Amino acid sequence: MLELVSNWKTCPSSTSSSTSPPASPQISSVCLETLNRLMYEIQFSSFPFPMQSFFPCFVFCGTVMFYLWKPHDVWEGRWRVIPHDVLPDWLKDNDFLLHGHRPPMPSFRACFGSIFRLHTETGNIWTHLIGFFFFLVLALVYLFRPNIKFVSPIQEKVVFGVYFLGAILCLCFSWLFHTVYCHSEKVSRTFSNADGRVLALLIMGSFVPWLYYSFYCNPQPRLIYLIVICVLGILAIIVSQWDRFATPQYRMMRAVVFLALGFSGIVPTVHFTVVEGFIKAATVGQVGWLVLMAALYSTGAALYAARIPERFFPGKCDIWFQSHQIFHVLVVAAAFVHFHGVSKLQAFRYTMGGSCTADTLL
């Protein structure tokens, strides 16, 4: 082990001098191999048996932190972040983010490797990558856990499945888009269009469980509202495929289109509140959670469209706390708030069974 430590200390470092060139990939690989052997020796010679079982987890977490917080040591020999003013036009999206941009990287391997590098898209990638795995696990637990009871298991699981599918696809394509959009103009445009489509799917899918339970005892208006939402969602998808729709000049239009699709839910909400009464709608009908969800989505979209806070602090929000990151966090929060509300509606329906009275929509 002492010999390995000695070898590690003699490994060249890419950060030993501010003027020296980056370490070559061959030298870096030798150092990393030495480190791996050193960790192996530590694992099986120093730690008691119970700790050995968890050692791979420690190594994994340490590797992630190493790549995230020491990005220049790992990737400096391949590419460097660049300022906004030298980006090609197709990569210029937010002129208030002055530094820390990835250059064009026509390599998917380099694009996915940049996930562990600090740049303007790091927060955008990780907020929805974590959200993607969160909703994937949530969907599996909720749909397949045996102690969750449904009145009509197959039908209700399909209803929730539509919502989960929209959320998972939206979050998945979002982090993929932010990961590879610097690959090339064609790839950027392709994933941007896909990102717009799945966002519309998330909004459409969010309506399905809420309309299903809120109009459980009156299926005719439920069917009408679902058809209208689907038509509006398809129109939003068609508009989002327009190439200019993805350009910075149409940022406000993008926000307005998807907000309009979301706010189309005001009509069935008012209908439900008028028939059931405000108190019942706010308590049993969980309209309060619906309003909170709408507020989160609206706030995120408004910040995204206005590019706040970086508009007031140019160059200060290049890596963290930019509007797009805040928008991403609010999207994940809104999606979970919506799930919480409709899961309470599902629990209420289970307590009521399949029975309905003539004077209620629930």
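Cβ coordinates come from backbone N, Cα and C, glycine included.
Of the residues His178, His183, His271, His340, TrEMBL puts just one in the Zn(2+) site with His324, His328: His178. Residues 156, 159-160, 162-167, 169-170, 172-174, 222, 225-226, 229-230, 233, 236-237, 240, 258, 261-262, 265, 268, 272, 285, 290, 293, 335, 338, 341-342, 345-346, 348-349, 356, 361-362 of the same chain, all 6+ positions outside the transmembrane segment (198-216), place their C-beta atoms under 8 angstroms from a C-beta of that stretch. Each of 125-145, 157-178, 223-242, 254-275, 326-342 was scored by its Cβ pairs under 8 Å to the transmembrane segment (287-306), and the highest score goes to 326-342. Neighbouring residues of the recorded Zn(2+) site, listed in sequence order and excluding His178, His324, His328, comprise Glu121, Gly123, Asn124, Ile125, Thr127, His128, Ser174, Gln325, Phe327 (Cβ within 8 Å of the Cβ centroid).
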